[in-house]
Ligand SMILES: O=C(O)C1=C[C@@H](OP(=O)(O)O)[C@@H](O)[C@H](O)C1
Ligand SMILES: C=C(OP(=O)(O)O)C(=O)O
């Protein structure tokens, strides 16, 4: 599906939108529910990634295809490795077979797991024969993906002896690790994270509890982008959000303050308001703790015509696509002066945005959604716009409620 997007007729935006649960919290909660079936989940994500996670957890023998879902791939690897009697082949999209799992597989093998690579060493597809894992201690590199660590932490309480992880190197995406530990705490599982060591105690059962998933902050980023590019006085209310979030991407409220967007919390909602039209000459942000909002921020800065220097982007090359290359190509198409390295992005101020360019999305939901707010400044096409369903199936519908004119072309 190719969409044509043009500006809302009223550039003073005003809307209220309900976003479904965080896909990160949902996929963790689903795994915990598989281990402790008396847990309940509310405000679950309606994303493809949560859907494949749920379906994957229901399988005990045969093929599990998690499509593009990184969390499902990594979390299910740990899950199946520790489930005695289950035997599956875990695979995904073409891109998933290029996203590494070696660090996780090595750690699980140290703990006693039986995992075999079916194609390339270090990458899916993998064949997993579930076993009882009794080893307690393992060290693993922490600078590639926090999902490996979360995978181990999620199964840790179900292991006879719990787990002690020693994290090696600079820890990336730390809030996602803290999110996992916070969810374990919420269901009464004792854990600690001190220095480079994480410990999780074993627990055979937990008390009845409903895990209420907060709505997705990464999805909220596209409304931050829209408000920043719209007129002063614009206002969008998003539900259901908390002031103290488990999601690292809630740092958006801080970052977008510098771009004239004020966030207020109340009644399980956030209200984003464009309060001033002042903007800095350059926005500098380190994103090692919030990699998923890099695309949104880069596009907002381009739309505002300001310079931008983003660092801590070393994980972007192994996500749904090489996001640094994709940003370079697509922003250049629109006339941006941009350069990228393996971990940084620099954008110079632009005076002009080319009209009616077709943005390629590379099977990456965030490419489609990050570029969409730019329609406030110029008309554009988004190729393969259905990719948004990976995390936010209702995105185009919700964007329409802001007044964006969206037609299929
Ligand atoms: O644990 C999670 O839910 C996630 C962790 C992050 O990945 P990395 O740790 O690989 O950066 C993030 O990019 C991804 O969207 C979700
Ligand atoms: C990187 C992402 O997802 P995953 O790694 O779970 O595929 C994302 O949603 O931006």
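Even glycines carry a Cβ here, placed using N, Cα and C.
Keep in mind that this is a model prediction, so the values were computed, not measured.
Around residue 23 (phosphoenolpyruvate binding site), the same-chain residues at least 6 positions away in sequence with a Cβ under 8 Å from its Cβ are 45, 47, 49, 50, 71, 216, 218, 391. If you look up TrEMBL, you'll see 23, 70, 99, 147, 323, 366, 390 marked as phosphoenolpyruvate binding site.
In the three-state DSSP classification, residue 292 (active site, proton acceptor) falls within a helix. Listed in sequence order, the residues of the same chain lying 6 or more apart from residue 292 (active site, proton acceptor) and placing their CB within less than 8 Å of its CB are 218, 221, 249, 366. Annotation source TrEMBL lists 3-phosphoshikimate binding site at 23, 24, 28, 145, 146, 147, 173, 292, 319.
As annotated by TrEMBL, domain 'Enolpyruvate transferase' applies to 63-399.
For 292, the entry in TrEMBL reads active site, proton acceptor.
Farthest C-alpha pair in the phosphoenolpyruvate-binding residues 23, 70, 99, 147, 323, 366, 390: 19 Å apart. All protein chains considered, the CB of residue 28 (3-phosphoshikimate binding site) has 27 other CB atoms within 10 Å.
Geometry remark: residue 99 (phosphoenolpyruvate binding site) versus residue 146 (3-phosphoshikimate binding site), CA distance 13 Å. Cβ neighbours of residue 70 (phosphoenolpyruvate binding site) (same chain, under 8 Å, six or more residues apart in sequence): 96, 99, 145, 147, 319, 320. Sequence-distant contacts of residue 323 (phosphoenolpyruvate binding site), defined by Cβ-Cβ distance under 8 angstroms and a gap of at least six in the same chain, are 294, 295, 313, 316, 317, 364, 366, 367. Checked against ligand 2, the binding-site residues 28, 70, 366 give 70, 366 as the ones with a Cβ under 6 Å from it, listed in sequence order.
Of all Cβ atoms in the shown protein chains, 27 besides its own fall within 10 Å of the Cβ of residue 147 (phosphoenolpyruvate binding site).
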